[in-house]
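Trainee: So TrEMBL has the following annotated:
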type: DOMAIN; residues: 88-147; note: domain 'Potassium channel'
type: DOMAIN; residues: 184-260; note: domain 'Potassium channel'
type: CARBOHYD; residues: Asn86; note: N-linked glycosylation site
type: TRANSMEM; residues: 12-35; note: transmembrane segment
type: TRANSMEM; residues: 125-149; note: transmembrane segment
type: TRANSMEM; residues: 169-194; note: transmembrane segment
type: TRANSMEM; residues: 206-224; note: transmembrane segment
type: TRANSMEM; residues: 244-263; note: transmembrane segment
Amino acid sequence: NQNRFPCNKSAWYFLFLVLGYILYLIFGAVVFSSVELPYEDLLRQQLRGIKRQFLQEHKCLSEERLERFLSKALEASNYGVSILNNASASWNWDFTSSLFFASTVLSTTGYGHTAPLSDGGKAFCIIYSVIGIPFTLLFLTAVVQRIMVYSTWRPIMYIHTHWGLSKPLVAVVHATLLAVVAVSCFFLIPAAIFSALEKNWNFLESFYFCFISLSTIGLGDYVPGEAFNQRFRELYKLGITGRLYLLLGLIAMLVVLETFCELQQLKQLRKMFYLKKEKPQDRLTIMEHDHLAFSSMPDGTVNSPQEDKTEPFVDFPVLTSPGGDDPMIK
């Protein structure tokens, strides 16, 4: 009964976690609906008015033909192809744009403003993603693990050893400072740069783009380098967004998240919802019980508990660190 109580407690915590997540989804749906629905209705009314006025000014054009034309134009726009004169100069599948698309696919950002047009391109995108996304995760994990040694574990251990401060306190202060530096370098400063380079973006829209990109949400409503007569468009997409900003930003976000995950307070919080690890003494008791239960069977029919080398399934973090449960010891 004593062994069952922690399991039941963990199950109740997990049930509360599931209910909390469902309530959070409902809360988001209610807020988005209440905020965005009036704007959608206003936009629909404006489009209907513009369409009605256009048909009145061009009576030789029937509404049916206009609907067919608009349907084709919108279908092409969903694939990133625009019929506007100011968009005809830029191509979606030149080398720099294709490199930008490949980086968004591998990082699972997927803005959605550009999509493969041909069946061959769609098939290659599937194969490319199946191989590339795990490859990217492996690459990011290896990079972040090496950065964590110099950005988190060694600084915390140095301060703890030389200054005599409490390790949990040092870890909290260090994680906070690291988060401030990351937000400044990869959100605030890039947002100011994007708002200056993109004519139609204000600071809030630029900050929104940075967050949507580095969180790999990638809604696609804001994509840099798509403005008319964008100066140095190829270099802009290749350098700032294609490789440097997205890649370095993702690495920085993963370093910050892993640093927070190493905090003892968050470890204790996670343990509330995880399955409990089987303790060695509990394993020994179970094996002794099994040995007694099968002791009446002939020799050689069962393996002894000492010969059973199977380890129980335990949870482990995605980004492992040298030093086991407390990586800063190393």
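Quick reminder: no glycine exception, Cβ is built from N, Cα and C everywhere.
Provide an account of the burial state, proximal residues and distances for the features listed.
Mentor: For the transmembrane segment (169-194), the list of distant contacts is 151-152, 155-156, 159-160, 201, 203, 206-207, 209-211, 214, 224, 240, 245, 248-249, 252-253, 255-256, 259-260, 262-265, 328: same-chain residues at least six beyond its ends, Cβ to Cβ under 8 Å.
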Trainee: Cβ under 8 Å to the transmembrane segment (206-224), counting only same-chain residues 6 or more beyond its ends: which ones?
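Mentor: Beyond its ends, the transmembrane segment (206-224) has Cβ neighbours at 104, 107-113, 186-188, 190-195, 197-198, 236-237, 240-241, 245-246, 249-250, 253.
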Trainee: Give the nonlocal contacts of the transmembrane segment (244-263) in its own chain as ranges (CB under 8 Å, at least six residues past its ends).
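Mentor: Distant contacts of the transmembrane segment (244-263): 103-104, 107, 109, 140, 143-144, 147-148, 151-152, 168, 171-172, 174-175, 178-179, 182, 185-186, 190, 210, 213-216, 317, 319, 321, 327-328.
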Trainee: I'd like to know the mean pLDDT over the domain 'Potassium channel' (184-260).
Mentor: 83
